[in-house]
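Trainee: The annotation compositional bias 'Acidic residues' is assigned in TrEMBL to 538-549. What TrEMBL records for 536-558 is region 'Disordered'. The transmembrane segment annotation in TrEMBL covers 88-110, 148-168, 180-199, 205-225, 246-270, 276-295, 340-362, 374-395, 407-425, 431-448, 469-488, 500-521.
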Amino acid sequence: MTTVGSHNNGDVVAMNGPCTAPIAMDQAPTTTSQEIISDDATRAIDGHEEDPPHTPIIVVEKDEDAPPLPWWYPRIRGKPLFYGNQEALGWACTVVANSGISLGIGIFVVPAALELAKKEAGCATEVPEGMDEIPECYGEVYGVKPTSFFTVISTIVGLAAAFVIPLAGALVDYTPHRRLLGRIFSFAFTILILAPAFLNEQTWFVVSIVIMVNLVISMAQGMLFNAYLPELTDNEDRLNEFSRTFTILSFSSIVLFLGIVMGIGAGLGITGDSVAVARLSAIVAFCFSSVLFYASWGLLFQERPAAHELPQGQWLLSAGFRQVYRTTIKIQKHYHGLKWFFLSLCVGDAAVQSLTLLAITYVSDQLEFNSTEVVLASALVIISTIPGALVGAVFNRWVNPIRSSALSVLGFFILTPLWALVASGPGDQNVTYFWCFLFGFFTGWKYTGDRVLVSAILPEGQDAELMGMYSFCGYVFSWAPTLLFTVINEAGESQRLGLVSLDIFFGAALIAYCMMGDYSVAVRIADRLKIDTCTVNQEEDEEPEEGEEGASTADDNV
């Protein structure tokens, strides 16, 4: 079979069969590879014909028609960042401000507010004279233990996000206001992030409620900028590079944020006061997010038209939930791999997101970490995401993004109960630091694999609809792990058991990845990426049976 390809210099040549030398264009047939790919994808979906082995896909660049870069666009050694892709730079700025700053400020605010909640409940926050450790707290604040307060907050945020994100998805799908909504949400997020600057014994509850509202805004905004992700490029190598860079930037920015806050705190002599440091972190976060959100939503992201017209007789308020239902049915019928990937996100992302809050609660209460030790443990988590992202990018190419993400989840599945076993009380700081490094490593690995995977297997032309579903799945069950932990904690059971309960979700995510099927078939069905399947298919000796739509056994995938 002969298809059209492209060398690095941009010259178009024809490839006479997979993995062979190029031939002259005047010898190539007139049928384009895009027609071949589209026909193959259609047959794979309909189940009418077995997918032909080793179908090559063209390699192209997507930057030829990009608008000219403004004078202020950052460059390194004369070369523009992200190959001059303005929206890729905007995505990087937004993910740093949205995810990085949110996590960074939480590292300071949660331990400080937990300390104030314990004081209001009448619990000791320091080791009493003549004792070796802080006594167990049996007091309550607003009807729950202080250690359950923020897990309750997280549960409420997760439930609220399950309702807010479909509405935000409808606004993206049925209106041309994606960028306008991003500007509104980013402005609200930036203003509300100042709330911890007023944290004290009288305001801690109100500040906690404001933080809860801001987290919901952050999740809705995440749905908006995620919609741009599959539109950045159709080159898998470049997409893999972008994803790796986004992961490294989002977590390395937290290290920078922690360093700035602790450096200023040391200069002011307040590092021993967790509440004062939390106030300082809010001011620094406000400065960071103001600049980054202005750059991304104000200058870099472009407008998008409505993806669909609102059906007659439907309200926009209900259209998002109807769309979630219709999209779920369509994925169930036609996209085997995408179905299991979204299911893995529902449970896997819920566990990863909850692990951060549960770990901060556990080390602050059970291991009696002070604010400096919490920051050090968090910094180790964040720093280790960088080598994790690099390893994840290598595994994306070495095996494929499905197997790569599955391996990262397997790491969480093994490490979480082991940490609960070996770190049981005060004095286990060193072993906890080591485990924090490992948790961060697998976090960077997972996010790198998932971002490449979702951008590779989303069907062409359905970006807004399915990226909305991607965001929805990432948050829809985020309340479940924290709710389970709260129930265990309120029942008087050990918080170690609450940590182990996360394996329910990691195990379910691992099974879902194993059920996804063959990666190259999922990509061809999506008809999206222009990748060199000579590399993708090197280790594949057999194609799926006719009508299986890419399904295969778990042993073939992990």
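Each Cβ is built from the backbone N, Cα and C atoms, and glycine gets one as well.
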Trainee: By Cβ distance under 8 Å, which residues at least 6 away from the ends of the transmembrane segment (180-199) in the same chain are close to it?
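Mentor: Contacts of the transmembrane segment (180-199) (Cβ under 8 Å, skipping residues fewer than 6 from its ends): 94, 97-98, 101, 105, 108-109, 112-113, 116, 168, 171-172, 207, 210-211, 213-214, 217-218, 220-221, 224-225, 275, 278-279, 281-283, 285-286, 289-290, 293, 296-298, 301.
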Trainee: Would you call the transmembrane segment (469-488) and the transmembrane segment (246-270) in contact, using three or more Cβ pairs under 8 Å, pairs 6 or more apart in sequence?
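Mentor: Answer no, regions not in contact.
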Trainee: Against the transmembrane segment (205-225), which of these stretches has the most C-beta pairs under 8 Å: 88-110, 148-168, 276-295, 340-362, 407-425?
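Mentor: By the under-8 Å Cβ criterion, the transmembrane segment (205-225) pairs most with 148-168.
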Trainee: Is it the case that the transmembrane segment (246-270) and the transmembrane segment (374-395) have 3 or more CB pairs under 8 Å, with pairs at least 6 apart in sequence?
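Mentor: Result for the transmembrane segment (246-270) with the transmembrane segment (374-395) is yes.
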Trainee: Pairs of Cβ atoms less than 8 Å apart decide it: which stretch in 148-168, 276-295, 340-362 has the most with the transmembrane segment (88-110)?
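Mentor: Of the candidates 148-168, 276-295, 340-362, 276-295 scores highest.
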Trainee: Cβ pairs under 8 Å with the transmembrane segment (148-168): which stretch of 276-295, 340-362, 374-395, 407-425, 431-448 has the most?
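Mentor: Ranking 276-295, 340-362, 374-395, 407-425, 431-448 by Cβ pairs under 8 Å to the transmembrane segment (148-168) puts 340-362 first.
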Trainee: Do at least three CB pairs under 8 A connect the transmembrane segment (431-448) and the transmembrane segment (374-395), leaving out pairs fewer than 6 apart in sequence?
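Mentor: They are in contact.
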Trainee: So what's near the transmembrane segment (276-295) in sequence-distant terms, Cβ-Cβ under 8 Å and 6+ beyond its ends?
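Mentor: Distant Cβ neighbours of the transmembrane segment (276-295) are 89-90, 93-94, 96-97, 101, 104-105, 107-109, 111-113, 186-187, 189-190, 193-199, 257, 260-262, 264-265, 268, 270, 371.
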